[in-house]
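Peer 1: Sharing a structure below in structure tokens format, with a few things to ask.
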């Protein structure tokens, strides 16, 4: 069935469904988008995008403002729906599914702007992450508090009173509560101090290394995102223009000019 | 970094943006702003002058000019009343000036709302039990009159309606301006089933709730995609549609004439007949036949129904469904992203809220013994919504207090005659100025760690400009 990541030795937690290590050669992409187009009304935001994310990878999607990065993530989640093309997750077509069913298939997202529940306590926010899936929240809570000890200190505090960085930690921890196999992260560094961005990125790396969680990360902060990711895609006005490993992309002059600032 | 934990660098608790940690400040809201610069006298005068100008602009056409029928010829003549206008404008000027000066001269500002919240919390712990004990013993208290009991029934009906609507508006955050429609569905369900088929109140009560819930779902489907203002308009229209159907479907509902002769409820088969014949309540218990028995019974009936509403709401709040409602109110997109079925969550909120409206409607029908579409106008929806908003969205105690203040207060000011509406409106404005997020604006987390920590309304978005 699923091609979940293999060894998870010394893991904080392993993902929900223990998968079988894919046999060499028969590697199916965990997530694949094939020629996906999406539009808001008459405005085409994605013009035939094809990407794939392999199990256990961190893949980043970089691009300028308005390139369609967030749209791409939201299209995976079915809002907006893909006008054409196909999106598969672990071999299953999820193109037309309603949002909550896509979430239940094993994909979680920390949406753009964090979108935590401001009036609910940190603990309640986390429980909401586990609730819809009917997952036991206890291990997820433990993982969240191990990963972000700050959230443990803030457990009874309301989401809306947290700082920006803490809210981002909460958004990621809440997404992880459902024990997803694929985590979509939309601009986790947005509006945060460099120190906090480092904390969050290192948390993502830890998760990936220790639990084998697959991550698709959308970032404007191309420099750090490419350093973190195994592979990256560059999105320009709704089209993928470049693909490569993080190091390859970092080395390319046009990337340096466009997204990293020239020195 | 290889460890699972991300340590704080430097080890000192700090915020990423460098400000002192707000979490250490306990109940004091972050927005406790530094005292605003005091307006000087000239500013106060200028502000009062502007207010007077606005007042003059309003009062000149409203009060200053008046048309009378001329004594000769019967034509209209315009009479002017400049003296009245001058008095009113002077009142506005003086009042505004005093208000400004008071703001200037009064002692140092303290974080008032934080203090109020703490006070209300302390008060809240004994107000609710005290109110409950009062409500339970009210019919037995010495000075309780028949009029008092009737008023109590009326207040409790609105408490129940407020609690029912609170599920939809307060918890799930779906603004419903047509709640009275479900009240009407419940009332007509009982009225028609009992007069048409002779079914008893106790059979019809659940049916009325089920039918109202059905209509709640029916309303819920088309409005699933709507939020805020748009939802409000559609629910408003829905309320009117139900009322207009009730008026025009004469063959079923009796149209504007309504349904009369609705049977009264019995007490486990014992009727409350005035004569006290065999099989009646007074006969069975060996009491002197008295019409008060029925009123007391109705009082306890609506009290039980209201408490049932409250109990169900409190229970649901602690369960996944209730938490999903609250999450939905906070952020619908986040709910979807977390895999919550937003459609079902909204429909259950509409259905359960409507069900309690239906129960209240059935009670209303049996109490009045006569119903007509006139009882289910938009103003009823508005009053119920006002109770929920004034009480504090989502607060059970607040809604009960607001119903008491609004319905009880409205009756208490009966002697003021035509000024009553003015006092009523003024009171609503004062409450909203004094406590913009409702009387009880705190939210108790539905799950807590040992001690309960209420959440002050000052820390949330509602009511902030």
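Just so it is clear, glycine is given a Cβ too, placed from its N, Cα and C backbone atoms.
Take a look at what TrEMBL says about it:
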- B:1-40: region 'Disordered' (REGION)
- B:48-65: transmembrane segment (TRANSMEM)
- B:85-102: transmembrane segment (TRANSMEM)
- B:123-141: transmembrane segment (TRANSMEM)
- B:147-167: transmembrane segment (TRANSMEM)
- B:174-193: transmembrane segment (TRANSMEM)
- B:199-218: transmembrane segment (TRANSMEM)
- B:230-250: transmembrane segment (TRANSMEM)
- B:297-314: transmembrane segment (TRANSMEM)
- B:347-370: transmembrane segment (TRANSMEM)
- B:382-407: transmembrane segment (TRANSMEM)
- B:419-436: transmembrane segment (TRANSMEM)
Peer 1: Below 8 Å between Cβ atoms, which of the listed ranges B:85-102, B:123-141, B:230-250, B:297-314 makes the most pairs with the transmembrane segment (B:174-193)?
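Peer 2: Stretch with maximum Cβ contacts: B:230-250.
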Peer 1: Cβ under 8 Å to the transmembrane segment (B:199-218), counting only same-chain residues 6 or more beyond its ends: which ones?
Peer 2: 181-183, 185-187, 189-190, 193, 242, 263-266, 347, 350-359, 361-363, 366
Peer 1: What stretch, picked from B:85-102, B:123-141, B:230-250, B:347-370, has the most CB pairs under 8 A with the transmembrane segment (B:297-314)?
Peer 2: B:347-370
Peer 1: At a threshold of under 8 Å on Cβ distances, which of B:48-65, B:147-167, B:347-370 pairs most often with the transmembrane segment (B:382-407)?
Peer 2: B:147-167
Peer 1: Where among B:48-65, B:123-141, B:347-370 do we find the most Cβ pairs under 8 Å to the transmembrane segment (B:147-167)?
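Peer 2: Per the Cβ under 8 Å count, B:347-370.
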Peer 1: By Cβ distance under 8 Å, which residues at least 6 away from the ends of the transmembrane segment (B:48-65) in the same chain are close to it?
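Peer 2: Non-local partners: 78-82, 84-85, 88-90, 92-94, 96-97, 100.
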Peer 1: Give residue numbers and ranges for long-range contacts of the transmembrane segment (B:123-141): same chain, 6 or more residues beyond its ends, CB-CB under 8 A.
Peer 2: 148-149, 152, 156, 296, 299-300, 303, 397, 400-401, 440, 442
